[in-house]
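Per TrEMBL, the features are as follows:
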{"type": "DOMAIN", "residues": "81-176", "note": "domain 'Acyl-CoA oxidase/dehydrogenase middle'"}
{"type": "DOMAIN", "residues": "188-333", "note": "domain 'Acyl-CoA dehydrogenase/oxidase C-terminal'"}
Amino acid sequence: MAELSSSGAVRQLYGETPRGNLDPLVLRRLIGRACQDGRLGPVLALSVQLATALPLLAESAVTPCAREVLDACLAGEEVVAVAATDETAGSDLVGAKSAVALEGTEKLVLRGRKRWVTSALFARHALVLAKHRPGRHFTNFTWFLVPLAAAGVSVSPVDTTLFEGAGLGHLTFDGVEIAPEWVLGGFGRGLAMFSRHITVERLASATWAIHLCHTVISRTVRRLDDRQVDDLPLSRNPAVRQRLAGCLVQLHGLNALWERLRERIAVEHDAVAGALLKAASAATVDQVMTACSQFHGADGFRSGGVQQMRAEAAVFGIGGGATELMLDVVADHLPALLKELES
Ligand SMILES: Cc1cc2nc3c(=O)[nH]c(=O)nc-3n(C[C@H](O)[C@H](O)[C@H](O)COP(=O)(O)OP(=O)(O)OC[C@H]3O[C@@H](n4cnc5c(N)ncnc54)[C@H](O)[C@@H]3O)c2cc1C
């Protein structure tokens, strides 16, 4: 992140401030560059930061505290975590329990637990989505910018060997006193702000999916060219060729959808387009990772091999909204989406 900021890439992505819309082509270049490292963890951390944390902060950077944290992020000196997923099912965000309530007459206090938070282990602040009023209504949520060194906050690493470099952690808020300048974007706007920005994170996720599938297919083709069975490279075996071709067809389909929807998502924050693209990217990643990891044979299981990547890549169908939720959104808009295809 520090390297990206000092190279001016973050400013290129958003123009002068992340209040504007991001440029999907710059996003594609940045994610492509991050993917060269080969590990998924750092790309996950980068996607959340660029597509969700920075614009959420920028949209509400009216308090000096938010402005300061945003400037530190833009200078590459800080990373901010986005803590939405609660103790309860992440797929049922409105059922979350983390809440801010008045204690006494003036003291606002945060209690609750956020799970599986990317960058939690190296962030100095977290954007925390919490209820300021009980109940499942959309307007009961507010964002709070919480310093992770504040009294009552504890951070524990997620118990996993996957996603090295993502800084995954769980956050517990045990009576954290909320300063007025930590309230972001006004009370009641939490979910509206989140749904605008998580839509763009879904574009980032699809961008990453395209790079990942491209890399994995390319590596698999190289391996199969060098691997002989019956004196022929495996890449010339008819069943192998067809299965790889099927992966490439899926990948081209995803890329075409990305091209068609990128502006709608980046500029209009179109949630239906975001759901369509995310569902398509999860299906493509699943098909490509399943086929390619099979073709790596036993070597796929070495440390850091393609089987580990495949396990991590299952996050495309879960993180940032499970595939089933994306399909629900698509199902809600079937007539309109069908109409789009009429010539
Ligand atoms: C690597 C990683 C990084 C993450 N980073 C962050 C982060 O930075 N910030 C953050 O807030 N969260 C983060 N998350 C959490 C993520 O957003 C949640 O995992 C996700 O929203 C799903 O919630 P859950 O894990 O509680 O699964 P659940 O909600 O318990 O769902 C489990 C499964 O049930 C099925 N399901 C759920 N709902 C339905 C439905 N309506 N219809 C049919 N089937 C359904 C799906 O198959 C789903 O995968 C991260 C997760 C991972 C794995």
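Here the Cβ of each residue, glycine as well, is placed from N, Cα and C on the backbone.
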What are the DSSP helix/strand/coil residue counts across the domain 'Acyl-CoA dehydrogenase/oxidase C-terminal' (188-333)?
121 helix, 4 strand, 21 coil
DSSP helix/strand/coil residue counts for the domain 'Acyl-CoA oxidase/dehydrogenase middle' (81-176):
6 helix, 47 strand, 43 coil
Taking every residue in the domain 'Acyl-CoA oxidase/dehydrogenase middle' (81-176), what is their average pLDDT?
97
